[in-house]
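These notes are about the structure you will find just below.
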Amino acid sequence: MTVVIGFEGSANKIGVGIISDGEVLSNPRRTYITPPGQGFMPSDTARHHRAVILTVLKEALEQAGLKPADIDCVAYTKGPGMGAPLVTVAIVARTVAQLWGKPLLGVNHCIGHIEMGRLITKSNNPTVLYVSGGNTQVIAYLERRYRIFGETIDIAVGNCLDRFARVIKISNDPSPGYNIEQMAKKGTRYVELPYTVKGMDVSFSGILSFIEEAANKMLSSGQCTAEDLCFSLQETVFAMLVETTERAMAHCGSQEVLIVGGVGCNQRLQEMMGVMCKERGAKLFATDERFCIDNGAMIAQAGWEMFRTGRVTELEDSWITQRYRTDEVEVTWRD
Amino acid sequence: MATETNPETGKLEFFLDVPFPSSREATIALRSLSPDREPRRGGISKQLSVSGSTLSVRWSADEARILRVSVNSFLDHLSLVVETMEDFGPPVDL
């Protein structure tokens with residue numbers, strides 16, 4: 001039996017999770033929520049994480065019913081993400097690893113999402129759509145790498161949604177994306193927005209600029225409602241994602257799609273992807289907000305896979321990095 | 001603890017000594033706090049060392065503003081290490 005504890009805090013969520021051979025023993029999490037109209041800044045987010053991380057760690061151990069001695073490896077997010085929150089979490093991981101005399105392991109955040117999705121859905125070799133506030137990538141596994149087939153050439157899809165929410169002052173509680181999704185259900189009119197797919201890549205900054213410019217004018221003149229804008233934005237950006245995912249599947253001859261990342265728990269995105277999969281005779285895999293949204297268990301799970309193939313990170317090599325591409329990691333745990 | 005301008009280099013220098021219960025804990029703090037380097041062209045350098053049960057930090061910076069940011073951030077990280085030790089220590093026997 002191999003037990004791995006994972007620390008995640010690369011953005012506004014702080015989570016600690018414990019995995020024992022594919023079983024999630026605990027996965028507590030806290031979210032730093034800012035007032036409507038405001039995003040989360042690195043230093044404030046780091047302060048939030050500092051204030052709660054030790055409480056979350058205690059909860060993780062208590063809920064799992066484990067003592068530090070039962071743990072085999074301490075995994076933490078090495079990157080990518082915001083520097084200040086990453087350092088905060090890495091410092092606690094390094095300290096407990098030394099206090100408990102356990103090996104440390106730095107994990108790529110994107111790999112964490114993919115491995116958690118594979119574990120929960122039991123999908124075998126899926127084409128992965130990784131969509132969150134910081135990342136938008138279409139990924140396929142080939143010869144020991146998760147290869148990036150297509151990605152955003154500017155901002156992430158979740159960043160586009162979050163910043164749109166700020167423009168029209170949608171609440172960030174529990175998350176801007178969730179609130180946009182609920183409002184979109186009441187939208188009736190489709191407002192045409194720029195649709196930007198460039199080969200295998202997508203772009204969202206133009207859509208954001210367009211809607212930032214137009215939103216308040218259209219709303220004050222009664223041309224459309226906030227709900228219509230939420231609906232139109234979702235339909236447009238999700239269509240772009242489904243299109244590029246489908247093309248990647250055609251290239252790879254893949255019959256499975258796995259959606260991971262915070263935006264991945266959006267039911268409308270899952271529904272649209274489901275329609276495409278059905279037409280191709282493919283299977284769609286997705287998880288709910290417990291595992292889609294950043295959490296500690298996903299870092300523990302990727303760490304578990306890595307640790308089982310003998311990987312560890314020496315303390316002097318345990319620096320965090322804001323940029324860390326998915327395809328930089330050699331996947332030693334898959335054929 | 002003191003900030004001084006080094007007459008030879010013209011740089012601002014700051015020294016900090018932090019006592020720990022034992023050299024083991026001082027070394028753990030050193031190894032938890034050293035991996036993340038200061039920005040390469042940030043106009044600041046920071047050196048950590050342990051002597052006995054004391055962690056010593058030595059900064060050298062071009063500007064007071066940069067020095068203040070680095071020292072502040074270090075103190076935040078140091079207090080997190082100390083709190084972690086209080087809640088999850090003492091270190092196991094190796």
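Positions of Cβ are set from backbone N, Cα and C atoms, glycine also.
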If I go by TrEMBL, which of A:Asn108, A:Asn216, A:Asn266 binds substrate at the same site as A:Tyr130, A:Val131, A:Ser132, A:Gly133, A:Gly134, A:Asp162, A:Gly177, A:Glu181? A:Asn266
What does TrEMBL list, out of A:Asp288, A:Asp294, A:Asp317, as binding the same divalent metal cation as A:His109, A:His113, A:Tyr130? A:Asp294
Take the domain 'Gcp-like' (A:29-300) and average the pLDDT across it for me. 97
Same-chain shell around divalent metal cation excluding A:His109, A:His113, A:Tyr130, A:Asp294, C-beta within 8 angstroms of the CB centroid, reads A:Cys110, A:Gly112, A:Ile114, A:Ser132, A:Asn135, A:Val260, A:Gly261, A:Gly262, A:Met298
Of the residues named as substrate binders, A:Tyr130, A:Val131, A:Ser132, A:Gly133, A:Gly134, A:Asp162, A:Gly177, A:Glu181, A:Asn266, how far apart in Å are the Cα atoms of the most distant pair? 18
What is the number of other Cβ atoms found within 10 Å of the Cβ of A:His113 (divalent metal cation binding site)? 34
Which whole-number value in Å describes the distance between the Cα atoms of A:Ser132 (substrate binding site) and A:Asp294 (divalent metal cation binding site)? 9
Within 10 A of the CB of A:Gly177 (substrate binding site), the number of other CB atoms across every chain shown is 26
Using the alpha carbons only, what distance in Å do you get between A:Gly134 (substrate binding site) and A:His109 (divalent metal cation binding site) once rounded? 11
